[in-house]
């Protein structure tokens, strides 16, 4: 299985994960370890001065996992740029998952603000990974302004609806010169396998793993599905046809009975 | 000389003795790994914490990394 390159960084695993929604830091670590993921997302928030929060950074760093801060909570390009600058300081990385979704009900990414922020952040030296709608035109525009990959959604965040945007993801994958990482909505390992079979370079999965009854086992299932999907893609899948094509040779031994 | 000042940290008023951002963080007794600080909406890099002077009524915002998707 070929490695994935993003901004000069090589990944053996094509499964990226999030750190949200886990019952505990231990459950999160067990799950991420089982997934084999080498890149995980984190968020930033204003520090609670009265309470100590769980330290999830240390175990992640001990396992050598690359951190990808997101700009979740940003509603405009300006806020997202500020969040990215804070994240760069907090986590000492110039990688950022750019997400701007002002509407809390559907969490749909704002294309106009995202493109503006992406362009500015690339100029400031960030490796920008934008979370966007499965919009082929927008994905090309983001590539043109210097994003190192694009992250179109399969379906709404946390919805488990899988690749509802499949026809548009196919166009994005066909056109893209940068890696395509399908983010959001992937609810089952079969969704992830399909994404990789279609030629997506990676997937990002959080909710489906974190809220499973057995998160670590579900993460292993996703790992296997992603590897399976990628292997199938690299092996060359057969074309779909309207008619049957025999898998066994036609012989005339039945005819010889008459 | 008493150099106590009052400023706002994440919108909470706070009086402290000391003059630098590094002093403030030390007094808050919070982990400094994985955090970022902004003063009046400008990010202050860690390398400047010790030389950044605080003044009365300043708005300091401290951010921490947390779990997220």
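Count begins at 1; order follows the chain as displayed.
Each residue, glycine too, has its Cβ placed from N, Cα and C.
Features reported for this protein in TrEMBL:
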type     : residues                          : note
ACT_SITE : A:97                              : active site, schiff-base intermediate with DXP
BINDING  : A:158, A:184, A:185, A:206, A:207 : 1-deoxy-D-xylulose 5-phosphate binding site
DOMAIN   : A:6-249                           : domain 'Thiazole synthase ThiG'
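On a Cα basis, residue A:97 (active site, schiff-base intermediate with DXP) lies 17 Å away from residue A:158 (1-deoxy-D-xylulose 5-phosphate binding site). DSSP gives residue A:207 (1-deoxy-D-xylulose 5-phosphate binding site) a helix state. Chain B comes within the C-beta cut-off of under 8 angstroms for the following of the recorded positions A:97, A:185, A:207: A:207. A straight line from the CA of residue A:184 (1-deoxy-D-xylulose 5-phosphate binding site) to the CA of residue A:97 (active site, schiff-base intermediate with DXP) spans 13 Å. Each residue contributes its Cα atom, and for residue A:206 (1-deoxy-D-xylulose 5-phosphate binding site) and residue A:97 (active site, schiff-base intermediate with DXP) these two points are 14 Å apart.
In the structure shown, across all protein chains, A:185 is the one of the binding-site residues A:158, A:185 with the greatest number of other Cβ atoms within 10 Å. The least crowded of the recorded positions A:97, A:206, judged by other CB atoms within 10 A of its own CB, is A:206.
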